[in-house]
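Here the structure comes first, spelled out in structure tokens, and everything after it is commentary.
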Amino acid sequence: MASKRPLLIPSPRTPNSQDLPSIPLYSDLVNPQSQSANFKSFSPMDSNGNNPIENSPIPPNSTTLYSASQRSISSILSANSGGNSVREVNFSDVGTKPVRYGSRGTESEAFSMSQKEINDEDARLIYINDPGKTNERFEFSGNSIKTAKYSILTFLPRNLFEQFHRVAYIYFLVIAILNQLPQLAVFGRGASILPLAFVLLVTAVKDAYEDFRRHRSDRIENNRLAWVLANDQFQQKKWKDIRVGEILKISANDTLPCDIVLLSTSDPTGVAYVQTINLDGESNLKTRYAKQETLSKLPEKEKITGLIKCEKPNRNIYGFQANMEIDGKRVSLGPSNIILRGCELKNTASAIGVAVYAGRETKAMLNNSGAPSKRSRLETRMNREIIYLSVFLIALCTVVSACAAVWLRRHRDELDYLPYYRKKDFSEGKEDSYNYYGWGMEIFFTFLMSVIVFQIMIPISLYISMELVRVGQAYFMIRDSRLYDEASNSKFQCRALNINEDLGQITYVFSDKTGTLTENKMEFQCASIWGVDYSGRKANLQGEQLGYSVQVDGQVLRPKMKVKVDPELLLLSRSGKDTQEGKHVHDFFLALAACNTIVPLVTDTSDPAVRLVDYQGESPDEQALAYAAAAYGFMLIERTSGHIIIDVQGERTRFNVLGLHEFDSDRKRMSVILGFPDKSVKVFVKGADTSMLSVIDKSLNLNIIRATEAHLQMYSTIGLRTLVIGMRELNSSEFEQWHFSFEAASTSLIGRAALLRKVASNIEKNLSILGASGIEDKLQQGVPEAIESLRMAGMKVWVLTGDKQETAISIGYSSKLLTSKMTQIIINSGSRESCRRSLEDAMVMSKKLMTVSGVTHDTGRSSGGAATLALIIDGTSLVYILDSELEEQLFQLASKCSVVLCCRVAPLQKAGIVALIKNRTDDMTLAIGDGANDVSMIQMADVGIGISGQEGRQAVMASDFAMGQFRFLVPLLLVHGHWNYQRMGYMILYNFYRNAVFVFVLFWYVLFTCFSLTTAITEWSSMLYSIIYTSLPTIVVGILDKDLSRRTLLNYPQLYGSGHRHESYNLKLFWVTMMDTVWQSAVIFFVPLFAYWKSPIDGSSIGDLWTLAVVILVNLHLAMDVMRWTWITHAAIWGSIIATCICVLVIDAIPSLPGYWAIFHIGKTRLFWLCLLGILIAGLIPRFVVKFLNQYYNPRDIHIAREAEKFGNLRELGGAEIEMNPILDPSRETTR
Amino acid sequence: MGGEVKAPKIGERAAYSRFTQQELPACKPILTPGWVITTFIFVGIIFIPIGLASLFASERVVEIVYRYDEGCIPTNYSDQKLAYIQNSTTNKTCTRSLIVPKQMKRPVYVYYQLDNFYQNHRRYVKSRSDKQLRSNASEGDTSSCDPEGVAPDKHPIVPCGLIAWSLFNDTYGFLVNNEALEVSKRNIAWKSDQEHKFGSDVYPKNFQSGGLIGGAKLNDTIPLSEQADLIVWMRTAAFPTFRKLYGKIEMDLEANENVTVVIQNNYNTYSFGGKKKLVLSTTSWIGGKNDFLGVAYLTVGGLCLFLAISFILVYVVKPRQSRKKFGLLEKHKDYVVRAQAFHKKEEAYGEKAAFRNPDEFYFKMIKTRTIDGVHKLESQANKYTPEELMLIKTQDIGYVLQKVQVKKRLSGWIDGYGGVWVIYGREMALGFTREEEDGER
């Protein structure tokens, strides 16, 4: 029986979950009761039509079947599984909301595909080895890729089109167009277009450069070579010429040029190993299989013909649905038969496949989406002030036009002959009105002209400056050595450039646990076998320095990773199967070694006699278990699709793998059916405790189950991840039945995944328990310190995890999230009513606690997180709370707590929790996570951070920033976030000020020119003002200025509070700045006015004085506020002033301008220089005084810290005395 | 432009220079009292002498200002000034005598001052053609000169535009002791203008030939570069009240000397209420007579000294308090908050104490000792063996959870339970869930 191998294992990693209600095949397998349940639960969905199901991110899955049929079992089990069943039923309710998130979303797409039969219209037909025929009907895209946005021809229109998406640019364009009208021409044509053209040009050059780089990389990519079958032999061909339907040959370590369906590989069983690091960042090897039907075919010898019918190109990299007609047979293809573009072939000499998707239709390219675009909070706030500025602008224009109206009205009789107005025009021979359109129109034109003259009141250059500054800030963040992870060689990544400054204002941090707080490197710690706990307390690694090893053909095989072992258990495992205990231990470790999808790789070492066995697998838990089994003498040595070889205590044993039901998140378990050498057949199952306990036969060994449950409880309490292992021996009729249905299911074309799952659930029942394992997921380096820093900085840290409550709490303790001083509120409810009551109780409780112990907490803001309350809530309760009226209560409660731990939460709930906070407060939220399950939360939060860790790149792809480790969050937020916020806030205010000063100077002058909008400052100077004269220093300061050193910021996390209090940018500062603006502009204008009143000064000369005065004053103002002068700052500020002088000289050296040589004349007079000096000093005095008084008598934290930093009493004060937030408490040490 | 900033290739470790780490050597100025006071004193010390010097200079300037637009109208025309000035036949000559108050060293500058004449009006300022002024070739370039671009016969006016058209045409003659004083027109215009801006080959054409005469006529035989009055006039003034240089008297005028002025009052300022003044002025290093700058400097300098003194006083009288006691970031408002919290707590504790249970007992009562008024737990360091600790760690919560489950199972409540456990550190109080209470009822 065992000789007849079942079909190769289809291994959909994340199976497509849907099935059709009834398959005749099953009727004899499914017991009547569950069948009826089956119908019951699915019929309403069918009546609903497919759409809601297709949209649901969590498909109503077959677990709902279990919960219906097995409630009787689960109800007498534990509360956990009871809650579980309830939860999952409700999950489908939650799930019907059409929310897409992350990979789950794409899965559901695929699942919607899979439930349909691929009909001919939807299908993509590929004739193997016949690219001509393949491509004749449908125009499939070729394999050349194009990531570049523009070509030479389309660059100008497209780039302009994209740039004009900004409202600000349109404003400028409108102004420039207005200025072209002859009646309104305030500036010359060239001068008015200049600023806009400059901004557009800078952006266009930047875009062009980026695009050029993309073009170059495209060209390199497209011209790589691959072996393609042509005329019965493989020839080299450029990647871009590969067409769908062609047969390709890939050698080891080659990168795949397009998505191919495997036909055969150099391995006789048709296995190919691929590394998908370019695709999803996972570095372990994955197995792909060629179909048996095509295995033996050699394309050079015989012509392969066939037809592949597959789904349309889609983004789901974990799903593929197709079938292949070959030699008249119809073979189905799944995700395990396709290798995607970008993967690398490893450990396989060669592979042959047929191209199915090429070029931009490959899954890798379809996944190449741009970074998400978010808007920074500061920018949103800035828009409010922009509105104020617009109001100013309109007010100024109104004043000017109203005055002009009055003036015109009062002088209406004189206008005709007024020497400086002369309405009458005799030049045409007849009397005419020269440039006069009536009183009303004149006023209207005056208004428009004043808008043109005062246009820079709205600081358009601010937008471009902000972008440049952000690029600079991002550069420094990326280059920061303290954000560089040596272990994974990953740099900090800035994927969203718009929200740098938001990092300085974060209040809520939502963190994932696994892989974010922990390393996601699993270590086997202890096991409970047959009710006996082997915790390995006295284990020592030293004793077994070399670990376990076996001798094979004179060579020593040794597992790559050493595991500390429990000597007692080791002894038992070596004693063989003689004793009852030994037998159980044997089965347990056999299960660990066999029940997985690990691929052992034997690698050579420097010592030729020693070879290492490296376990490659998709799940770190499985790796840990396999290494553990190896350490106890059950070393998995070889795995093919048909059999595995396990070295059992030095004795090679070959087991036939008769079937394997892969792990999926719905069943939460996996099973393998092994044919033993003695012809017995056993099924080994391992899985999460909740799902396993429901399928274990309670009638047997109740004591053992109880004991194991107790051990599980204990393991999870000390923070271990637990798995339960069970087994069952199959008799031949059971096996036959299973084999029949398994084969039927695995070859079926429709809803295969669901059918397979049904088969699995039929075999995974009535198991006898073997034991449980505890795996430790170590905390990442520096996590407790990081969390403490974040808390001291006034941030609230929430941990959202899928782990069990006990595990979560214990991790909470070890990561210093929870301390023994805290009062924990645990909400753990199974119904809406009880949730409500729990929340109410908790509220009452928290109020009570507040009044006595937590008074300081009320005053919390200055003291950060004086932590007294910790809320622990589980996913089941959240199901009832989120999206209901209880949300508000939860929010109230949570906002009182400084720590919130959510356990057992689903990905969608994570997003829900983030939304709970985000929708109710103005505080900034940050989500950090590493896995696909965190994507929804990362996208929901204001700032999303992805950890580029073990679990692939999904989170990174969705994130705004990506980094290697959780602890980097501290320098990122406390240092860079603080700097960025402070710099950006200052820069915005300064830009407002800078432009407003200039506008006010113009405005004052207009009041002395009959409101006729003459500008003394030349039009060229006014256009260059925000481009050359004053722009560079603000950008340099925006990028480089630092208020405090990195060390200070890290030592005193409280300083982060300046961001929470909006200290760098707020309405008060804005108004103060504006008042300063009015004063300074008045000084600039009126000092020369009075000094030169009744003097023969001409307009151009005094205009030059004003120009220089305003530029130097504005730059000195900046210089006064600079906190850290490096040579770059010096160069920028003084350089700008010098550049201005040069520009003014150059402009005045042009004879065709009216102001010719003015500066040289006025520069010779002493009055000029005295005026300039007087303006500068008088202009700056108020700000200087206020600044000093503020810093000295009403200092903010930053000022104090700066002083301390400068005068060195930081160290002498020491950390202890600065304890405003009593977070450090010695008693916690005893708890840990 | 939310594009992704491409991270450098993996494996290439960037050079972590001081620049990329933002650790460039830098100077970090801080406004300390000493610094600020020094600055103010310094500014004061600089400004006050300058202010005094310029006041003094301005004081030394001798200026004679004589307004003649009203006075030069014959009494019979005093009600119809406009008619008088526009009538070409009336006698416009007007002779006045001025007394020199102080000695005026040469050169004595002769200015005319116009009030309420907006030479900076937009229409006026724009109405000129710099090209035309510069070279003969661009004679026809009058597009910007409306409404004085072309003569009625379509020939271009040179110089065109309102500015030239409105050229000031009053003239002054001076007599001292019946001897004519020569008024030199040399160097009254900028040399740069004469050389580069006004062409030596450009001659006035069709000037003031239109229907409306604006002001002075120009001699057609003299090139523009030599027309000093025009060049001065074409430098449009910055403010509505302005002076323009008329000429220089290269002679000292003694005090109490009587200068007779013969004014040709031609220019029409009556139509818009402008004033005309004749100004005779000497000059100093600061320019004309203007006290403003001196006063401003004195004010600023005085203010600075005043600020410096008051800062010194404040610094001495009420220095900033040391924050050492409460730590670096401590501020008064934090102290207030803490004090309030303390008193609130005091009240709460007082209330608690009032309703105290006399039989109350805590283990802490016997397990703590009072050291310096603070309750300290007796050393817990070696209380438990590692095994015991392990047991405590693992089993307390676990045990309770287990008990709850067992109890639940027995009581037959399946569908979950809700409730709150409150765990005070080690001591645990378990508030049983309502469902269970209900069940027992």
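Numbers here mean position along the shown chain, with the first residue as 1.
Every residue, even glycine, has its Cβ placed from backbone N, Cα and C.
Nobody curates TrEMBL annotations by hand; they come from automatic prediction.
Fair warning: this is a prediction, and the values are worked out from it, not measured in the lab.
Annotation for A:ARG721 (ATP binding site): same-chain Cβ neighbours under 8 Å, separated by at least 6 residues, are A:MET522, A:ASP621, A:GLY774, A:ILE775, A:GLU776, A:ASP777, A:ASP803, A:THR807. Following the DSSP three-state reduction, the secondary structure of A:ARG721 (ATP binding site) is strand. What TrEMBL records for A:ASP512, A:LYS513, A:THR514, A:GLU622, A:PHE663, A:LYS686, A:ARG721, A:THR801, A:GLY802, A:ASP803, A:ARG904, A:LYS910, A:ASN933, A:ASP934 is ATP binding site.
A:ASP934 (Mg(2+) binding site) is surrounded by 34 other CB atoms, counting those within 10 A of its CB over all protein chains shown. Marked as Mg(2+) binding site by TrEMBL: A:ASP512, A:THR514, A:ASP930, A:ASP934.
Under the heading compositional bias 'Polar residues', TrEMBL lists A:30-46.
Residues or ranges marked as compositional bias 'Low complexity' in TrEMBL: A:47-56.
The feature region 'Disordered' is assigned by TrEMBL to A:1-65.
Close to A:ASP934 (Mg(2+) binding site), meaning Cα to Cα within 10 A, are the following binding-site residues out of A:ASP512, A:PHE663, A:ARG904: A:ASP512. Look at A:ARG904 (ATP binding site): DSSP puts it in coil. Here the C-alpha separation of A:GLY802 (ATP binding site) and A:ASP930 (Mg(2+) binding site) works out to 13 Å. In the three-state DSSP classification, A:ASN933 (ATP binding site) falls within a helix. Each of the binding-site residues A:ASP512, A:ASP930 was assessed for Cβ neighbours inside 10 Å, and the highest tally belongs to A:ASP930.
Within the same chain, residues at least six positions away from A:PHE663 (ATP binding site) with a Cβ under 8 Å of its Cβ are A:THR597, A:SER619, A:ARG669, A:MET670, A:GLY687. Taking the Cα atom of each, A:ASP512 (ATP binding site) and A:ASP930 (Mg(2+) binding site) are about 7 angstrom apart.
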